[in-house]
Number of protein chains: 2
Amino acid sequence: MARIVMKFGGTSMAGTERIRRVANIVRKQAAGGNQVVVVVSAMAGETDRLVNFCREANPLYDPAEYDVVVASGEQVTSGLLALTLQALGCKARSWLGWQLPIHTIEAHAKARVESIESDDLVASLERGEIAVVPGFQGVSDDGRVTTLGRGGSDTSAVAVAAAIGADRCDIYTDVDGVYTTDPRIVAKARKLKAVTYEEMLELASVGAKVLQTRSVGLAMKEGVPVQVLSSFVGDDAIPADDLPGTLIVSDEEMEKIDMERQLVTGIAHDKNEAKIILTRVPDKPGAVAHIFGPLADASINVDMIIQNVGRDKGETDVTFTVPQTDLARAQALLEDKREDIGFNRIITDSHIAKISVVGVGMKSHAGVAATMFKALSDRGINIQAISTSEIKVSVMIDEDETELAVRVLHTAYGLDAEDEAA
Amino acid sequence: MARIVMKFGGTSMAGTERIRRVANIVRKQAAGGNQVVVVVSAMAGETDRLVNFCREANPLYDPAEYDVVVASGEQVTSGLLALTLQALGCKARSWLGWQLPIHTIEAHAKARVESIESDDLVASLERGEIAVVPGFQGVSDDGRVTTLGRGGSDTSAVAVAAAIGADRCDIYTDVDGVYTTDPRIVAKARKLKAVTYEEMLELASVGAKVLQTRSVGLAMKEGVPVQVLSSFVGDDAIPADDLPGTLIVSDEEMEKIDMERQLVTGIAHDKNEAKIILTRVPDKPGAVAHIFGPLADASINVDMIIQNVGRDKGETDVTFTVPQTDLARAQALLEDKREDIGFNRIITDSHIAKISVVGVGMKSHAGVAATMFKALSDRGINIQAISTSEIKVSVMIDEDETELAVRVLHTAYGLDAEDEAA
């Protein structure tokens, strides 16, 4: 017997017919003698509908009331899944965020889970009930509804799994696992049997949008083994003991699963960044703080940063990237601070892409970056900026060359599936 | 300064544009220095959508999970109204059923309010906040979501009004008050300035579907003055001190409002009943109990009952009415009990109507029934059955004669509006 949290996304929950499919997958896990908690998203499109209502009601909406409105989507699907499981003959009941409760901080619309009271939940599991928990929602200390931000249901699932000491947290989504790269770009992309938490964090944050980044961080912190798999592969393809998804595990677990792993696990790309160049910034101590302090205060996430020596002595060009959605805000903010910073011109370019090669293996091997630069240069792809971490090398390139770069690197690191396997 | 509960139905809350209209009406009441609680229904059509989901998920649905699903509709509108009021510059916040809490019995999908904890609500009002409370929902002692049955938001409003000692409970609906009869049938129907609780109970239960019957009973028990008025008459038509709806009050209040009231306050009609005749039932003690006991056990509401002497001695025909929606069930049940009851045939007829004349005034005046019978007989309308209460006389007639009967009686009791007033 295992204790399992299963999480289903909005596409899987879109309508009563699909919910029946989900219920069948859940029933199979429970019938195998497992204790099962299901965490559900709202029906696909429902959260957008509710968010739009809020915007229409009040463009500058109070996030506390926004949470009251948008949390209702998951309330509906959790009740419906419980009803559907009952129709299949299972004992099932829903547990809303305030009922467990799932305690969060008071930061409405972007709350974080603080703790989950799991006694009632565990007692329910031990009575043989399947527990259905709405994702995305919690309750603050002052007793108001909170939500965890878009994609927050992944985090809910991992948090519930940690709270009840689950053996595994299975995230069912509309892809069937984590791939070496985007299969829409590289036909020979391979599904990974396993990745480490750290690799998944890098892959997720640079564009492999399988899981909410925060949920991976939480899983790493709490040591919850996560598995990504598809709810659309047909019931028979998901036997309880041979699940075909991708496991997300610790380094140590990874060693056991895959002894002969590659240096590079995957190639990610991200077209959602924009480049900002500030020209002729005075090259003196504190100048850079004038740029990045205000951006940080405005919660604008700066990623790659490069400082070029300018044409004139004592001046420098500063290049960095921000999310495209924050570009206009960042630009306005920098114009405001023009005097403090002392730059000459702002040049912006959202026609860029970030390509990253990710792999825990590179910690202990040199030459990964060199291979990247050579492979791109051989195909005439110009690198505009570089950033690295222990398990990642990222480059900024022209957006038009994204697909070419991903394919070139996928081959260069030996990630292409062999024809037999494909 | 007054403390007012305002309740808005689903048509008034159907979409953000209409919610803005509601918010403007609410703001005006609050701006007049009043403390205001608003009780809201779900958007028109939303509860039906949610109920259908439940039916699709599980035709024999668990009412506890059904409540989780359907209560979400009012959660959405309460958040949206709070947001809209804030957009108009008002301080406002929502209070969900479990947050106040509104304690109900555990009878899911048909719960009754037991008590409402009003301390937080009153404190909020005294801070100058407009409180928005979702109708229809509450929480049971075991901490689960409950709902009060369709139309339950009226009852929520009256219960909140009683809990906070409100001066008035204003029910905004898609009609602008209670009329002497259905204005679609009688063009000269007049809007009543006031009716008593008892009259409203009779008018509502026999077909004037302005308010949920239960809410009127609760208002009578708690002595909450209720006012029915329209949310569609334009903002300017609703000055805080001269509201144009119909007041529903106690007998004593009524005396003050309308010294020279009519014998008859209104004429109601109801086409939703069906007639059942059981022929040749043994005319012996206990026979009738065999008929009505099982129907009562099945929660089938029997209204008019007549016993005719049959053709043979020692036998009798029993005629009674049940709601049309229960007719098939009643018929099956009676067939099951054929041996116990000992009848010969079941004859059913859903082509009937019940016409009622209602008025507190008839308590102290004879001749009201005689006027009714004569007026109908003069027009050749055949009376199939009669039932009376202290403030009501009802007759059963052929459904085709409904409109004629209502018009004839409206004139006979002098209720027609004069041309000047119409």
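Heads up, the Cβ atoms here are built off N, Cα and C, so glycines get one too.
For A:Lys7, A:Phe8, A:Gly9, A:Gly10, A:Thr173, A:Asp174, A:Tyr179, A:Arg184, A:Lys209, A:Val210, the entry in TrEMBL reads ATP binding site. The substrate binding site annotation in TrEMBL covers A:Thr47, A:Glu74. Among the features that TrEMBL reports, domain 'ACT' is placed at A:276-360.
Structural mapping of features recorded in TrEMBL.
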residue	record	Cβ neighbours (10 Å)
A:Lys7	ATP binding site	30
A:Gly9	ATP binding site	21
A:Thr47	substrate binding site	22
A:Glu74	substrate binding site	31
A:Thr173	ATP binding site	23
A:Tyr179	ATP binding site	22
A:Lys209	ATP binding site	16
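In the three-state DSSP assignment, the secondary structure recorded for A:Lys7 (ATP binding site) is strand. Residues A:Lys7, A:Phe8, A:Gly9, A:Gly10, A:Thr173, A:Asp174, A:Tyr179, A:Arg184, A:Lys209, A:Val210 are listed as the ATP binders, and the farthest two of them sit 25 Å apart at their Cα atoms. Across the range of the domain 'ACT' (A:276-360), the DSSP-based residue counts are 29 helix, 32 strand, 24 coil. Taking the Cα atom of each, A:Tyr179 (ATP binding site) and A:Thr47 (substrate binding site) are about 28 angstrom apart. Taking CA atoms as the reference points, A:Lys209 (ATP binding site) and A:Thr47 (substrate binding site) are 18 Å apart. Secondary structure at A:Glu74 (substrate binding site), taken from DSSP and collapsed to helix, strand or coil, is helix. Recorded residues A:Glu74 (substrate binding site) and A:Lys7 (ATP binding site) have their alpha carbons 12 Å apart, per Cα-Cα distance.
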